[in-house]
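Quick look at what TrEMBL annotates:
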| type | residues | note |
| --- | --- | --- |
| TRANSMEM | 9-35 | transmembrane segment |
| TRANSMEM | 84-106 | transmembrane segment |
| TRANSMEM | 118-140 | transmembrane segment |
| TRANSMEM | 161-182 | transmembrane segment |
| TRANSMEM | 188-208 | transmembrane segment |
| TRANSMEM | 237-263 | transmembrane segment |
| TRANSMEM | 275-296 | transmembrane segment |
| TRANSMEM | 308-334 | transmembrane segment |
């Protein structure tokens, strides 16, 4: 009887864990769908077009129509491709993108895992996402797709250095790798105020990390069709599409945590209410960063590949190194170091 009870408890625990995971993953996938319609509407407003407005009220069901269209299409696999890696590349890219949500705090005590090394976990997953891009071009056995994946990988590795340098400055200022600790340390002032230059080159780095304009050379539609995943169609293409927009929303959420105080909104709301206002505050801040992603795409032209690499190594990297030296020097000089 004791063994049966233990098995029941273990089964109930697994079910509750599965419900917790689905309660995060399903809203994220829904947010990805609406992020696409928001982007198309915002781009249309910038270019004086109407945008999607037929499927559903005000076009809000257009993402679901697009998803259905892609799913019912035939999956075409190149005859000379490595079929296992051809499918593994989009699946791994989407999985690594979704795994990043496991440690995001949506409010006090509202996270799947309060991981003490949360930032390290995020950087590790963003680095592993490069392998999906590389495998996508290599498995298709096409020189165009392979060159696209190499371009994408080299650009992502270059801007990983800038991204990690900006996050390192935030870690030095907090003395912790935990997201909740970083949020709590911003109750008096958001880090975007003292670290505005750091936020600027951090935002440039996440634009390149998520392959967004003007740093989308590896998948430029007008020149490369889709770059490293040109040969992927139907469901594999949907996986790449979901992973890209999921990464945009994830990095927008991380940005709001690192620089905008996360779910904190000092002295404006009483959070002991039946409605979780903290999650609403975090969602609004994340939406602001998402709109900035689209605004940059609607405003700036695409850079050349050599300009992109030069911007990283010759312009942003020296500034990042300078701030890595400056910030701890100020903390030690005024005896306010958090460790």
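Cβ coordinates come from backbone N, Cα and C, glycine included.
Bear in mind that TrEMBL entries carry predicted annotations, made automatically and left uncurated.
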- Between the transmembrane segment (161-182) and the stretches 9-35, 84-106, 118-140, 188-208, 308-334, the largest tally of CB pairs under 8 Å belongs to 308-334
- Query: Do the transmembrane segment (237-263) and the transmembrane segment (9-35) come close, with at least three CB pairs under 8 A (pairs 6 or more apart in sequence)?
  - Reply: yes
